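The structure appears right after this line, and notes come after that.
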Amino acid sequence: MLNEEMQVIFIFIERKRHDEFFDIFIVQGDYMNLSAYINIIFNGICIGGLYGLTSSAWSFQCGALKFANFAYGASLMATMYLTYFGIREWNIPAFIVMPLILIFNFGLGMLMRKVLLKNENRGTQIITTMALNLIIINLVTFVFTGFPRDMALLEKRLYITETISIGATQFTAFCLSAVILIGFNTFLKKTWTGRAIRSVVQNRDAATLMGIQSEKILDQAFALSYLLIGISGMLLITMFQAEPNYGNYIQTIAFVVCVSAGLGSLSGAFGTGILVGVISALIQTLLGSQWNDIVLFGLFIVILLVRPNGIFVSKKNVAKTF
Amino acid sequence: MKKIIALTLSLLVLIGSLAGCGNSDGKGTTETKSTETTEAGTGKEYEPYKISMITQLTGDNTFGGNEYKNGAELAIKQLGGEINGRKIEMVFADGPTQEATLAEFERLYNNGSRAFVSGYGCIADRAFASMVDEMEATYLSLAWDADLIQGESDYFFRIGANVTDFAKGAIEQAAKIGEDYLKIPADELKVAFVYNTRLAHVMEPMKEKMAELGIEAVVFEGYPTDTKDFVPIITKMQSAEYDIFIPLQGVTDGTPFQKKMFELNYTPPVTFGAGVYYDTPIFAELGDDITNGIMTQSYTTPYIADDAAAGIKEFREEYEQIYGHAPLTHALQAYGGVYIYAKALESLDPADWDDTKKVAAAVKALDLDFGELPWYWGVKFDELNSNTRANQFITNQWIDGKLECVYPENLKTRDAIVPWK
Amino acid sequence: MMLMSVENMNVHLGGLHIIQGVDFHVNEGELVVIVGANGAGKSTTVRTISGLNPCASGKVMFEDAEVTNMSAADIAGKGISMVPEGRQLFPELTAKENLLMGAFHYRKNRKLVQEQLETVYNMFPVLKKYEGRIASTFSGGEQQMITIGRGLMSRPKIMMIDELSLGLAPIVIESLFKVIKELNATGMSILLIEQNARQALKIADRGYVMENGVITMEGTGMELLNNEHVKSAYLGL
C-alpha cells in the first residue's frame, strides 16, 4: 500500500513538472454521456453494498461488542482462499463448501474470542489481533503462494436499457447483503437472544443479574459476527481475486466506513458502504484511478473533523449502539 | 495462563513472519549436476563450473521465476552439460523478494559462485551492479533501465534489452501498425493508454514517445496495482473514440481487466499490449474469444521464424516436451544468458575458468551476430557493457490460441490481421 | 418463616476485608432495611448475595437451601432479584425492552411474560405510556421505576433494592417508598438498602445498622428510629 502511495505522489509531481496536469484533467470525462455515468454509479452502488455488509461485521465487533479485531481482514481473506480452494482446487461441490466455510468461521470466531479476546484491555486486543493478522497472512502465503486466485466466473450483465447494465453477480451480492443485514438487525431487535446480546453489551452486570450468561452471550455474538465475515468472503471471491494482502485493503475500507457511519450502527455501515462505493467510482471516473485512495481518505479526515461520532449519528444519540 | 498465551503468541508471530519474509534459509537451492569431471587426456580433474541464478521460485511470480529456471536448465542440457571437456552446471536459489535475493547472493558467493545470471524480474540487479566489481564476480543482467548504467565495469554486463528502448519501441510499433494497417498517420492516431502504476517507469518513456510522434492519448489512465474494480476505466474506454488500445499491465491486474471487458461485451478496435502480461499463458487461458487478435510487443520470443536463429526450433520443441507447455520469452532470456557464458567459456581453456577476471574479459570480448544464438539477439558490448545487439523487438499476435510473430519481416511467421475479423 | 439468611459472611474486595462476619435474615413477607453510612459495605453485601462478588466464607441460605457463591444467573433463577445501585438500566433499550429483560429466565412462556408486564404497568402507568422511549431519556425517578419494574418482572420471591433514593428529589423519593410499601403489602419480601435512614426505617418491619463491614445494631423499624445512636448518627437529630 505504501509503495502505491509513493507511486501516486511521484506521478503527481511528475505531472506538475511536465505541466500536463490540466491537460489530462480536461480530457477526463469530456466525452462521457449520461448512461456511462449511470453505469458507473450502479456499479459503485453494488460494490458499495457489499463493502457495507463486510464493514458491518467489523462495526458490530468493534462498536457493539467493543472488541478491537484487527485480524478481521485476514479472516476475510482466509475465507476467500478456502472457498476458492474448496471449489476450484479440491473440487468439493459448492453446496458442501458453503456450510463448511460457515462452520469454520463460527469456530474461528469462538476460538478467537476464547483465547485472544478474553483480555478486555483494548490495547492488548489490538496488538494480539494484529499479530494474528500477520500470522494468517504469512500462513496463507506459505501454503497457497502469493499468486492471486480467481474463481474465473464470468458475470452476466442484466440490461436495463440498451446502454445501461448491471452485473448479475454484483446485483445479487447487493441484494443478499441487504437481506442479510436486515435479517441480522431484526434478529438483534426482535429475538430474545438478540436482546440479550444488546443488554450484555450495554450493561454487563445488570444483564447477569437478569439471569443472562454474559460471557457465553458475548462468545456467541462474536462467533455470529464471524458468520457475517464468512458470507462476505464467499460473496467477494465470486467477484474479485484473492491475494494475501486483500484483507488489509478490506480492513482499511471497513475502518473508513465504520468510523464514518458511527461505530456500531449496522444500517449506517450499509449506507456508508454504498456511499463509499459511489464516491470511489466517481473519483476514478472524474479524476483518475490513482486519486481514489487520496481523495477517499481525505474525505474521511474531513468527516471525522466535522462529525466525530459518525455521519449517521446525531449528537443526542452518541453512544447509541444499534 | 495469560503469560503463557502471550509467550506462545509472540513465538508464533516470530515464526509466522520468518516464514513469510524470506524463504531464503537454504530452502530453495537446487543443483542440476554435481560430479567431478576429467579433462580428457590430461589426467586433470576439474570441479564442474557453476553458473548461478537467483530467481523467484516461490512468491508472487513463481511462474516467471520457474520459466527462467527451466530455460537455463535446458540450455545446459542442450549444450551437453560440458564445454571443452569440463562440466558446467546451474545452481539455483530462491529469491522471491529483493532481500531474499541479496541474502542468497551472499550465500552462493561464499560457497564459491563467481558467475551469475539474473533471475526473473531482475529485482536486485541495481544492487549487484554496484557490488560485483569489488567482489570480482561476473554478472549478466537480462533487462535494465537507462538508470542502471553505473559507469564502466569489468564484471557487470547488460546482455538483454533496455526497458526504456523497449517502451519507446512499443509506441513506434503501434504507430507503424496504425500507418500500415489502419492507414492513419501517427500524428492523427488516437490511443487509449491504460497502465498499472507499478510500471510507471515503463510508462514514462512511452508517454514521451507518444508526445514526440504526435499521438493523442484520448484515454490516459493509471491505476494502482491493487485496484479491483475496472468498470470506471472500461466505461471511459467505451465512451471514447480511439484507434488503438495500449495496455501496460501485470498478470495480477491484467486478468480481471480483460475479464471485465468481456463481461461488459466490449472489445477495443485494436489492442497492442506492451508486453508483460500479454505474452503469458495465463493470458492465453482466458480463451480465444478474449485473446484472438491481440498483439503484443516482446523481447525476442521463441516464436520467430525457424530459420531466423540457430537452434530456436530445437529450443521450442524440447522445452515443450520436457516442461509440458510452450516456452515464453522469459525462458528464452535465461536460455540466452547461459549461452553467452557458454560462448565465453568456449573461448577459454577450462583451466582458466576459475579465474573470474579471465571469464569476465572473455564475456566482454564477445562478438556474435544476430541469429547466431538461439535467442536471435547478437552480443557486442559497448564501453559501458551494454549489449548493442539486443535492440530488436518482436511484435506477436494471438491467433487461435497461439502466439505468432508478425514483425519484423525477417523474423515473422505470418502477417498480422488488423483489425481482427 | 425464614426466607433468606446470611450467616457469618466475609467478603474480600481489592485486597481489603470489606465484610467481616455479617449475620442477618429476612422472613417471608417482611420488609427489612439495612442502613448505614456511605462505604459501610451495604451494597457489597447484596452484590455478594446476588453472585456478583465472591463470598470468602460464610453462608447464604435461601428457602432452606444454600446459595452461597452460586452464579449470578442461577441465583436470579432461584427467585432472588436485585435492583442495583445507580439504576443500572440498559440505557439504549426502550423502557419496555428493559422490563422484558427481567423476564429473561422464563422468556419461553409468552403468556406469563405478558401477564407480568401488565402487573408492572399497573404499578407504574407512566412506563406503559412511554414504553417505546429509550430508557436513558427518562427522568431519574422514572428510571428507578424501570429498574424496580424490571426486578419485578423476574417474578421474584424476594427483592433486594440497593440505594433507591440516591440522586432523586425528595418528592420522588417519597412516592417511590410508597410504592415499595405497597409492594410489600402484596406479600413480596423486600430487603432495602438505604442511606436515607429515616424514610427507610419508617416503612420497615425490621432493620439492621451496618458500620464498617459489620452489623452493629438490630431491631424493629420503630426501635431503631427511636434509638439514640441511630438518631444522632443517621437521622441528624
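For all residues, glycine too, the Cβ spot is worked out from N, Cα and C.
According to TrEMBL, the transmembrane segment annotation covers A:34-53 (among others).
Taken from TrEMBL, the feature transmembrane segment covers A:65-84 (among others).
Taken from TrEMBL, the feature transmembrane segment applies to A:90-111 (among others). Long-range contacts of the transmembrane segment (A:90-111) within the same chain: residues 75, 79, 82-83, 219, 222-227, 229-231, 233-234, each at least 6 residues beyond the stretch ends and with a Cβ under 8 Å from a Cβ of the stretch.
If you look at the transmembrane segment (A:123-144), the same-chain residues 6 or more away from its ends with a CB under 8 A from one of its CBs are 67-75, 77-78, 81, 85, 112, 116-117, 244-245, 247. Annotation source TrEMBL lists transmembrane segment at A:123-144 (among others).
Summarising the annotation, TrEMBL assigns transmembrane segment to A:164-188 (among others).
When Cβ-Cβ distances below 8 Å are used as the criterion, the transmembrane segment (A:221-241) is approached by residues 47, 50, 53-54, 56-57, 60-61, 64-65, 67, 72, 75-80, 83-84, 98, 101-102, 104-110, 112-113, 117, 148-151, 153, 155, 167, 169-170, 173, 176-177, 180, 184, 197, 200-201, 250 of the same chain, each at least six residues removed from its ends. Residues annotated as transmembrane segment in TrEMBL: A:221-241 (among others).
Residues annotated as transmembrane segment in TrEMBL: A:253-282 (among others).
According to TrEMBL, the feature transmembrane segment maps to A:294-313 (among others).
Here the transmembrane segment (A:253-282) has Cβ contacts under 8 Å with residues 40-41, 43-60, 62-64, 72-73, 177-178, 181, 184-185, 188, 292, 295-297, 299-300, 303-304, 309-313, 320-322 of the same chain, all six or more residues outside its ends.
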